[in-house]
Amino acid sequence: MDSEAEGVSLPLFHEHLMVPRYELRIGDCCGRSESSSEGFYCKSCDFFVHKKCADETSESIQHPSHPNHTLKLQRKPATRCSLCGKSFIGDLFYRCEICNFDVDLYCAKYPPPDILDVSDMHWHDHIDLLKEQVSFDCFFKCGKIGDGFPYICQICDVAFHMDCVWQPTLQPQPETIPLHPRERQPETIPLQPLQVERQTETIHSPDSDSDSDSDSDHSLHPRERWPEIIHSYHSLHPLKFLTGKPPDYSDGKCRLCGGKVDTHSHFYHCSSCNFTLDHRCAVNPPAQTLLDLKVHDHKLTLLPRLDSFTCNACGLKGDRSPYVCFQCGFMIHQDCLALPRLININRHDHRVSRTSVLGLVNSVCTVCHRKVMEWTCGGYCCKQCPGYVVHSKCATRIDVWNGRELEGVPEEKEDIEPYVVIDESTIHHFSHREHYLRLNGNGLLWEENKRCDACSHSISLQSFYGCTVCDFSLHKKCAEHPKKKWHVLHNERLALVTSKGDMFRCNACTRVSNGFRYQNGDKKLDVRCSAISEPFFHPSHPHHPLYYIPTEKDDNICSGCNLEESYVLRCIVYGCGFVLGFACATLPQVVKHRVDDHPLSLCYGEKASGKYWCDICEKETNPEIWFYTCKDHRDSLHTMCVLGDCLGLMPRSTFNYREGSTTRGYKSTMLVTSTEVVLNNSMSRTFCIQCNSRCMYPIILKALDHKVQNKKTKKKKKKKSLTYVCSETCMRQFNLRYLTKEQDV
């Protein structure tokens, strides 16, 4: 730790100089609270480091929980502590490279004891720390996953979470600490560990001596051995130890956290006050008071009572145990204390920041699209876009926010423009650096043979950019897709990938494509689905906009195809009920097909009597489901018959179609089929090798050769093939059949 005139340098924790500060708050160093308020603070980033963390963090340590090897200081990407099982909050942790044993700074400062006295919690006096990461069921039925270093009772073979039976003993708080730059006053209630008193009464047999009494005491059930405790949050009456179903007159929830008390769990209850605590809150209760300037300017006190209130942080109702400020009447849910201050959400291009008062009357949340009723409470807003507001709970949903707090993280300015303008009709696109692209204002001539390299659809009647040297073309709209963008279906930013490679499947519409795609990790969207943003307007539902609003109800039936879809857009007008899947939302409005000389138009279903027939497959058509029709509306053609399922594949391109199989458990085989995309425009139609019918779709696939590789034996086998399949569906079925045949050999 280097001291300088203008501040303190803590390069292990923070890049800026920091100043000494007394503040009782959760440290950004270890993600936990300390009883001592002494620390170091960066004002520009609102970053706080405990002095104990700064003083005791070294490059390497010997830890009693891992005595055989030295632990060295590391930075992320490790995710959680091997001892307590909690996720890492700060960037620093200790690791044993030999055993992959990770310890956060808090567990490094406060190592758990090898042997723990639990005479007030268990039949037997002592339990031992098992220095091995195992899966287990906690004896206290606390509801948390058991995966880590547990304490175990060697006598009765049960296990306990570490934080269910042990909390570090913290040093007492100094008498006075500075609370706020504007006011300094004494801190009277320091953070204290749980104060639980064992009953002084001892259960005797009338004619037993002390030794036999002690032995019999160990055989008693906890309910008999220590049937009552005195808890710091309920000092009026003792709390009785109970198991099983909570009393019928209670609401069956913990008074402090609101968690449901399981019928098989242990809990503590006062029948006089109808006061219940689950085991987790009994052993490790929330702090009685706290001061966090990121949450509120004044000290907050937990009010352990049933009382209806409106949370000032999120605007939602609560029914129990808020933190309150007696100075100004501020009230907040316990789980709202951790709301981030600056984040990215997938509905907006700019960062949104936490505000204590939205202050916009008649505003609408841009995630759930409901009116903000409690506009005097907190939420999120965009400082660059006036009127853009989001509910606190909506902004921090797992499908909206990526979980990263951006306060103190500088915003990088990136060039996401996809092209450079050369002149009013010429651009230089980043996907085609070799040549310039010139704008062609189409509208009269149907370009059937020219296709867009981004979406693989025909240029048709749309304006497009064409290469002045080669055959590269982009729809004008496809050329305008930025290099990076946010999308409602993913909470990370997606990057535009333009390299031609293997076929991919769009996660939104499930169609295959080998054109441009937006991608982040395993999430892949074709450019047509990625272009859908909120509000979305579709000609099939012209009067109301559509939004992506996930629900837990089973109502994902698309109004266009009457099939259940994973991702759907909804009309939010009460009573409308219109739902549109991404597959139907991206169907082309006008297409050309050999069945008719004129372009076909998409019809959005109609109420009609009589039978409709498809002239392509010669089967009946349901008129209430979307279909394509000709100029005089005499035809009703299935969308699948008109388009097929390979519309996103570029004709004359080749790719590797991969299919894996583990049909016999011990074999793991991969089949790679070299595949060519073929336009089905010849006079005679070939037969599909899978379904044995003539290929009727406009784009079909040709299998050039098959490569079979056994991942276990590393043996490879290649066989040439010149077979046709009519669709990607048939290709998948054929490959699975081919794999099964090869494995049977």
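Each residue's number is its place along the chain shown, starting with 1.
Just so it is clear, glycine is given a Cβ too, placed from its N, Cα and C backbone atoms.
Summarising the annotation, TrEMBL assigns domain 'Phorbol-ester/DAG-type' to 69-113, 237-289, 296-342, 348-400, 428-484. The region 'Disordered' annotation in TrEMBL covers 187-221. If you look up TrEMBL, you'll see 198-207 marked as compositional bias 'Basic and acidic residues'.
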- Residues of the parent chain within Cβ reach of the domain 'Phorbol-ester/DAG-type' (69-113), under 8 Å, 6 or more residues beyond its termini: 12-13, 27-32, 52-53, 56-63, 129, 133, 145, 147-149, 151, 161-163, 166, 168
- On the DSSP side of things, how many residues of the domain 'Phorbol-ester/DAG-type' (296-342) fall into helix, strand and coil, could you say? 5 helix, 17 strand, 25 coil
- Per DSSP, what is the residue tally for the domain 'Phorbol-ester/DAG-type' (237-289) in helix, strand and coil? 5 helix, 19 strand, 29 coil
